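These come from TrEMBL:
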TRANSMEM  6-32  transmembrane segment
DOMAIN    22-294  domain 'G-protein coupled receptors family 1 profile'
TRANSMEM  44-68  transmembrane segment
TRANSMEM  94-114  transmembrane segment
TRANSMEM  126-149  transmembrane segment
TRANSMEM  169-195  transmembrane segment
TRANSMEM  243-263  transmembrane segment
């Protein structure tokens with residue numbers, strides 16, 4: 001193995017470990033907190049977490065084996081199953097992010113009618129559509145034998161080995177990415193830009209009230225005035241940072257891989273195998289970033305996993321003190337004998 005291949009293998013291992021730990025922690029928070037389970041977005045986050053976990057334990061290990069051995073890991077049936085699952089999970093995770101953005105859009109733009117527009121039944125219908133949409137493409141690809149080991153990405157994915165099917169495969173690939181990546185990106189941009197517009201409008205109203213208050217309070221200390229102005233600036237930037245993170249991570253992780261898949265269809269451009277694997281690793285990195293972007297950095301999830309850690313530490317300290325007390329009593333009884 002070359003130094004590049006060793007580095008790429010290390011990156012895949014690191015992505016696997018972090019993605020597994022982070023997504024399991026999100027799942028534990030969902031199971032532990034009744035408040036999180038009551039919220040409608042929790043269904044979308046749960047679906048996204050399961051997609052990331054399955055991707056971590058199915059596709060990533062085979063990609064790691066493909067990088068190390070430079071050949072198809074396992075038999076054809078295993079590779080076909082993993083390729084089918086990878087196509088389904090990637091599409092499902094993209095549509096789950098789009099569903100989360102729709103939920104935020106309704107909550108912010110239509111706050112008074114949110115509970116009537118987004119109920120558990122509505123969320124279940126949206127998830128049902130994402131599953132039907134996601135499973136249709138891998139079923140079509142599997143029926144046409146367009147799933148297999150692709151050396152450019154060292155992974156089991158969409159792949160056409162027959163030159164006579166090239167035109168049909170090009171059309172299928174274009175439609176697939178248009179209705180998965182491009183559709184999700186359009187929904188993300190539309191909904192989050194609407195959310196940003198509303199957030200900026202509210203910030204302007206708060207800024208006007210703040211400035212009027214500062215003008216009226218003549219005797220206010222300069223340091224207090226400065227803190228108010230700094231908080232005003234942070235408030236304006238907070239929504240922009242969050243929305244930039246949602247859209248930016250989606251583009252950064254998926255766009256290089258999707259563009260590479262589309263450019264690969266052209267026989268004119270030669271794509272380096274190292275870049276193919278790097279673009280695949282960027283797509284895998286979405287399973288690492290999602291738990292932090294959508295869950296673990298939010299206040300409710302922070303509080304929940306801190307409660308879980310404190311409960312575990314408290315239980316272990318109680319057990320250790322009980323064991324120490326038992327050992328102390330045993331030593332005293334031995335001395336008395």
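Even glycines carry a Cβ here, placed using N, Cα and C.
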Rounded mean pLDDT for the residues that make up the domain 'G-protein coupled receptors family 1 profile' (22-294): 87
Cβ-Cβ under 8 Å with the transmembrane segment (44-68): same-chain residues at least 6 beyond its ends: 1, 5, 8-9, 12-13, 15-16, 19-20, 23-24, 26-27, 30, 74, 78-79, 82, 85-86, 89-90, 92-93, 96-97, 99-100, 103, 123, 126-127, 130, 149, 151, 153-156, 277, 280, 284, 286-287, 290-291, 294-295
